[in-house]
Amino acid sequence: MSGQKPSLKSGGSSAQSRFQVDTVAESSASPAAPGPAPGPAPGPTDGSKPSDESKGRFRVVGFADLGALGSAMDIGLPPDVFHEPDTAKSDSVSLHSTGTGHTHVSDHSNTYYQRTFGHNTIDAVPNIEFYRQTAAPLGEKLSRPSLSELHDELDKEPFEDGLSNGDEPSAAEQAAAALAAKEAKGGTIKFGWVKGVLIRCMLNIWGVMLFIRMSWIVGQAGIGLTIAIILMATVVTTITGLSTSAIATNGFVRGGEIETVHDLVRTKIAGVNGGAYYLISRSLGPEFGGSIGLIFAFANAVAVAMYVVGFAETVVEMLNDVDALMTDELNDIRIVGTLTVILLLGISVAGMEWEAKAQIVLLVILLGAIANYFIGSFIPTDSKEPKGFFGYNTAIFIENLGPDFREEETFFSVFAIFFPAATGILAGANISGDLTDPQSAIPKGTLLAILVTGLTYIAVAISAGSCIVRDATGDHNDTVSDTVNCTDAACTLGYDFSICREGGCQYGLMNDFQVMGLVSGFGPLITAGIFSATLSSALASLVSAPKVFQALCKDKIYPGLGVFAKGYGKNNEPLRGYVLTFCIGLAFILIAQLNIIAPIISNFFLASYALINFSVFHASLANSPGWRPSFKYYNMWVSLAGAILCCVVMFVINWWAALVTLLIVLALYIYVSYHKPDVNWGSSTQALMYNQALTHSLNLTGVEDHVKNFRPQCLVLTGYPNSRPALLHLVQSYTKNVGLLVCGHVKTTSRRPNFKELSLDHVRCQRWLQEKRIKAFYTPVFSDNLRHGTQFLLQAVGLGRLKPNTLVMGFKNNWSDGDMRDVEIYINTIHDAFDLQFGVVILRLQDGLDVSHIHGQGAQIFFCVSYGKPFQHLFLILAIRHQFTPVVRSLSTKSPLSLADQRLLESSQQFKKKQGKGTIDVWWLFDDGGLTLLIPYLLTNRSKWGDCRIRVFIGGKINRIDHDRRVMATLLSRFRIDYSDINVLGDINTKPKKHNKLSFKELIEPYRLKEDDMEQEAAERLKAQEPWRITDNELELYRAKSNRQIRLNELLKEHSSSAKLIVMSLPLARKGTVSSALYMCWMETLTRDVPPLLLVRGNHQSVLTFYS
């Protein structure tokens, strides 16, 4: 009984259903075992032969009987896993957490997946584990039973895309896995919303601008406009914060966690933090996400330089105060900045835990510095008055209320310098992979940080503008001597700083970047605050940039960047990204001027914010059922307004920098769109495309067809798309970007249809078409023969106006060697198409069309080679399970091809390559509405056929050849179709050559009924059994038409033997009058031994018009 799984009874009493699941017998005396035995589950416990119904039937997860379980120590469970016996023995056990740090093994809760309402069944109740997209610790995520497992017949072994039967983890293995996951989780540093988001955002927002540029901004813009600047930035960040919260709560934010599929095993790559890149890419798709991801990572790297330069400025000011400069101020900033960024790199490389601890210390210092400033603003001293600080004063407040822009500064140039102070709102989202609950933490932490820091900036602006004058000399002797000429606020306080109007003053809001240190109660604490603000923001940016870049590299959107995807340590630290960020930051540190670096960052961050806001608008507009944010305080139109506001501000700040930024985004967008990375994130772009397609399809349905808008929409009977490449390539040439192309595949089967195999084929073939850049759909159907399957396709394929109107087939080259019943089916398929008012196009190549036999027995496995190595193993497994022969595209490993197959392969590729100079000969013998002429015209519009000219051949009478030519030339000119020549054939009705007539007679001989040589009853019976037979009466009735086909073949060889392609009117055969064999002989005779020939017959509705 060790590891025994339940089996299905194949027999039993009549009262017992054959579908009933046996209850597993328990025995307390059963020997303990470490786990379930491999292989199929044993049969019934009575020793009978295992049932076939149970073999390979069920996937059993977390099941073990009591005998197999034994004690915790017997099965090797850790000591904190204990077993709780149950007096009423049950048929199953389960493992679940008791919340006490132990794993509880219960006897009566889990039969297979779970006991469903107390009954033994594999049908699972809802479980959150089924909806996870991450892998389980054992390498396979827990999955619900498939529909096949619940629905398929018992004697049928379903295909499963998971582990094979008998390989599922046992109860003990699940317990061990749960403990391993718990240990792994404990080893990874995770943060709550306060430490992970709120503190990080506040530290990043309270950056360099708070202490060393806020006072200068107040001096330039005045209190009023400074508040406007802060509110304007806050509006942008608040809207972006709301949008970020909406995206973050629309499902689990995994921060760049991705999954790869290789050999049927899911591998989890965790610990990557995507931030803005992750939010945008998963919302708008890889095109926008990939382009903004690079820019956002670069902006964070440059932000490191900005904060470090701010720190270095303060250090150099201190050195200057004590006359200890090493060289000059600019170079000293570079030296100090370089040493600082090296130190920060070391802290970052040490890991997230050290970085988080450093952030807490920096926050305490920063809060102390801010409090110190406000306390000091209430304690004016005489010694500080010459430097411009007088304490809160109404005159100073009124004077500083308005702007006083100097040195060519404007409102928006000052805004550009301030705005980077507001860019820390994504600091929490940037490390979303390191958050315990990012869905809750990001909205709470981000929005609260915006509120707190916004209020802080406004308070500092009002405070600084109310107690510090714009200019001061620092000289105690500059007291008021002339009250007439002195009108500044300082004059009312006893000082005359009017000399500062000429420049040269070093103090006051406009001149002293360190003025907040002057105001504070304890100056060194402000310096410590500056150090704290700048270093914490630099540290946050230094951590964010590599993690964003690592997430981008993990997704393999840009080739060549994969080297930066590798992570190290338990937190998957992007050490290579740290080095790259260090190099970028160092390069900008060497600029050493804060007012130059800040506007550069502003544009990049505004572009990121614009796309985040646009993501929410786009997702809401798409109205996808998957867009269900739990954060409800957002509005799609507010988000759109936020996106527009960001773009407007970008251009107002610096139009050329904004233009360069947008051009970079556009270039990266075009690059990703062209290369189409193999990712599917369920983006809003996909949802909106669906909405638009659905809306347009419905709108088209209400519009009547018009001849001017006619386009050939082709249902092509290709089989597997690569089975008849010449047919597919030719039709693709005249339908690409013009009309619909559907590859129809009738899968004839005598056994029960395997619809799962059909579904797999559909996925593989559609992907193959996409990889080959063939704009087509693949639609397979099961049927008993070609005719019935084609009827299904003709009636059902399409949606509204997007419905085929032309059936395209290959000519049945081997018809005379096969069963004539197949010919009957083939010809009747053509009749069915005409009955349904379809046009019919038939392509004949002398070497044939079907190349599938060259590649091996199983055509479907041929597609796997296009997927790359990871998928070859997958399809080899499919081949083994479905018992078809796997093959490889490389023909060098196979036996040499026959001469016929070599010619077939060569001719199958002739329409794929560019056609040289030549002609497309159009034999427009009968007016079918113009389809025979439209297809060649569409072909010549393609670059592959651009060097070919159209020659038109028509029938006529010898005595009016010139007249017929002029009439046709007039018609073609009105149709606006270029042609090189018009040939009127006056000798169509000439008798064919004798030897050709004899060849036709030999061709039809095996298929004649010869009713004159037998009894009438016998003849009628044979005709009923073999309806394709040609009667003598039929042959005599259509003798002239038969001769015409022979004569046309002679004319084709005479006039069009060198044509690149012949397009000819398809002869019609009246249904019920012309036998299938005779019709087939007509087409065989007409198309024999000529260049590639396309037989075309429209549905006799006009497809061309010369009216505007």
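Any Cβ shown, glycine's included, is placed from N, Cα and C.
From a predicted model like this one, the values you see are computed outputs, not experimental measurements.
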222-242, 663-683 - the range that TrEMBL marks as transmembrane segment: 222-242
Matching range for TrEMBL feature annotation, transmembrane segment, among 258-281, 522-545, 930-953: 522-545
Candidates 197-216, 445-464, 522-545, 575-594, 633-651; stretch with most C-beta pairs under 8 Å toward the transmembrane segment (332-351): 575-594
Surrounding residues of the transmembrane segment (575-594) on its own chain - C-beta under 8 Å, 6+ positions past either end: 208, 212-213, 298, 300-302, 304-306, 308-310, 312-313, 330-331, 333-334, 337-338, 341-342, 345, 348-349, 417, 542, 545-547, 549-550, 553, 563-564, 566-568, 600
Chain residues outside the transmembrane segment (445-464) and at least six past its termini with a C-beta under 8 angstroms from it: 193-194, 196-198, 200-202, 205-206, 210, 214-215, 217-218, 223, 226-227, 230-231, 234, 237-238, 241-242, 244-245, 370, 373-374, 377, 392, 421-422, 424-426, 428-429, 509, 515-516, 519
The transmembrane segment (360-379) in contact with the transmembrane segment (600-621), cutoff 8 A, at least 3 CB pairs, sep 6+: no
Within the predicted model, mean pLDDT of the domain 'Amino acid permease/ SLC12A' (196-715): 81
Distal contacts, the transmembrane segment (197-216) - CB-CB under 8 A, six or more residues away: 191, 306-307, 309-311, 313-314, 359-360, 362-363, 366, 369-370, 417-418, 420-425, 427-429, 431, 435, 441-442, 444-446, 448-450, 452-453, 456-457, 460-461, 464, 468, 509-510, 512-517, 526, 529-530, 533-534, 536-537, 540-541, 594
